[in-house]
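Student: Below are the features listed in Swiss-Prot for this protein:
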| type | residues | note |
| --- | --- | --- |
| SIGNAL | 1-35 | signal peptide |
| DISULFID | Cys42-Cys70 | disulfide bond |
| DOMAIN | 42-147 | domain 'CUB' |
| DISULFID | Cys95-Cys111 | disulfide bond |
| CARBOHYD | Asn113 | N-linked glycosylation site |
| DOMAIN | 161-397 | domain 'Peptidase S1' |
| DISULFID | Cys188-Cys204 | disulfide bond |
| ACT_SITE | His203 | active site, charge relay system |
| CARBOHYD | Asn209 | N-linked glycosylation site |
| CARBOHYD | Asn229 | N-linked glycosylation site |
| ACT_SITE | Asp257 | active site, charge relay system |
| DISULFID | Cys323-Cys336 | disulfide bond |
| DISULFID | Cys345-Cys375 | disulfide bond |
| ACT_SITE | Ser349 | active site, charge relay system |
Amino acid sequence: MIFTNNIAAFQNVVLVKKVKIVLLIFYGSIMFSMTQVNKEECDYYQNLNLGEIYYIYNPRYPLPYSGSKCTWTITSYHRINLKCSLVEFSENKNCNAGSLTVKKNFANKYCGNITLNIESTSNKMTVILTPPGRFFCEVRPIKRVKDSTNCNCGWKNPSRIVGGTNTGINEFPMMAGIKRTYEPGMICGATIISKRYVLTAAHCIIDENTTKLAIVVGEHDWSSKTETNATVLHSINKVIIHPKYDIIEKDDWQINDIALLKTEKDIKFGDKVGPACLPFQHFLDSFAGSDVTVLGWGHTSFNGMLSHILQKTTLNMLTQVECYKYYGNIMVNAMCAYAKGKDACQMDSGGPVLWQNPRTKRLVNIGIISWGAECGKYPNGNTKVGSYIDWIVSQTPDAEYCVIE
């Protein structure tokens, strides 16, 4: 579709069936291109940088449109603002006679004669036109006060361990543990994502008395008090479990297995303690074929001994097709990884699946260890963090994140 800011010229606008469509959008000196995802359908995709503006409107605008359904998918490193000066559809109770649907972390359908001003909670927004009707909107990225591109996350310290599965002392500053205050050891892993929040698996805490849980950061060997001076025990201020968390009891598989824990006080960052990056730029990626690192204080073998020293192992991310062979449609918002004889195991749940960005060398928390079968015999299942970026950001309005990995 060709876009212009000359309203008088809109009557000459036509829908062009090409894979690559050049958009001439003059707003000052702004000029950029848009990709039509499917040349047979009215589907479009655009990634926006700060300062760029993108206009979307129905084919044949300003005339009403009664053709096929159209979809615009907009992504950015930042939140997205949609401002519609015209939304004109037949007004009815369920908006079934033409509508404009806006998907953020949830979908809202609009009809009637209205205007809209909507902000996303993450870096993706989808607009769906169901004809008949007409609309005209302006889309632009907006920087959250707490979003930062000049920040640090995902750093890693050198390891003195050669050829072993033990991590180096504070090698992974983003690693945290969840423990019961009345007993030694960890019941689950977690990942530091900001100064007040850690990310973990919902099943780790759903049946726990959270008043008797604590978050441990800067730990290496929970049986020793002398190997590092970075260890701090944090009380929990708030527990946020995904509202659609569920378990398939027959197989012990988890759905929407994600939770946030807010600490009572700020986690002090330094060389030995700090946040992982979140996949703001790679939230759609499957990471298939990539090597990832998983961490935990869990069992060293199925029903074996617990490790008091933080362990690491490298797994390979599988394709969704390979995952479906083992777990079926449960893998929509999950991912699986495998390496022969290697795996996360019991008590590793909630810990991170870390992918190293090859360009920046930063560690990105792309997954949460969720479930597995016999520790290394089959691929493990992990919650896909990228699928929940919207939810994470919406639940942590006071958090600051690095949006550039």
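Cβ from N, Cα, C; glycine included.
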Student: Asp257 (active site, charge relay system) to Asn229 (N-linked glycosylation site): how many Å between their Cα atoms?
Tutor: 32
Student: Which of these recorded positions is closest to Cys323 (disulfide bond) if you go by CA atoms: Cys70, Cys204, Asn229?
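Tutor: Closest by Cα distance to Cys323 (disulfide bond) among the recorded positions Cys70, Cys204, Asn229: Cys204.
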Student: Of all the recorded positions here, Asn113, Asn229, Ser349, which one's CB has the most other CB atoms within 10 A?
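Tutor: Output for this query is Ser349.
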Student: Take every residue in the domain 'Peptidase S1' (161-397), average their pLDDT values, and give the whole-number result.
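Tutor: Mean pLDDT across the domain 'Peptidase S1' (161-397) comes out at 87.
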Student: Just counting, how many other CB atoms are there within 10 A of the CB of Cys336 (disulfide bond)?
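Tutor: Cys336 (disulfide bond): 26 neighbouring Cβ atoms within 10 Å.
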Student: In angstrom units, rounded to an integer, how far apart are the Cα atoms of Asn209 (N-linked glycosylation site) and Cys95 (disulfide bond)?
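Tutor: Cys95 (disulfide bond) has its Cα 45 Å from the Cα of Asn209 (N-linked glycosylation site).
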Student: I'd like to know which of the disulfide-bonded residues Cys70, Cys204 has the most other Cβ atoms within 10 Å of its Cβ.
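Tutor: Buried the deepest by this measure is Cys204.
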Student: Reduce the DSSP letter at Cys204 (disulfide bond) to three states and note it down.
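Tutor: The three-state answer is helix.
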Student: Taking DSSP three-state, what's Cys42 (disulfide bond) in: helix, strand or coil?
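Tutor: The residue in question, Cys42 (disulfide bond), is strand (DSSP, three-state).
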Student: Using DSSP reduced to three states, classify Cys323 (disulfide bond) as helix, strand or coil.
Tutor: helix
Student: Do you know which of the disulfide-bonded residues Cys42, Cys95, Cys188 has the most other C-beta atoms within 10 angstroms of its C-beta?
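Tutor: Of Cys42, Cys95, Cys188, the one with the most crowded Cβ is Cys188.
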Student: For Cys111 (disulfide bond), name the DSSP secondary structure in the helix/strand/coil scheme.
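Tutor: Looking at the DSSP assignment, Cys111 (disulfide bond) belongs to neither helix nor strand, so coil.
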Student: Sorry to bug you, but what's the C-alpha spacing from Cys42 (disulfide bond) to Cys111 (disulfide bond), rounded to the closest Å?
Tutor: 20
Student: What's the CA-CA gap between Cys70 (disulfide bond) and Cys95 (disulfide bond) in angstrom, rounded?
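Tutor: On Cα coordinates alone, these residues lie 16 Å apart.
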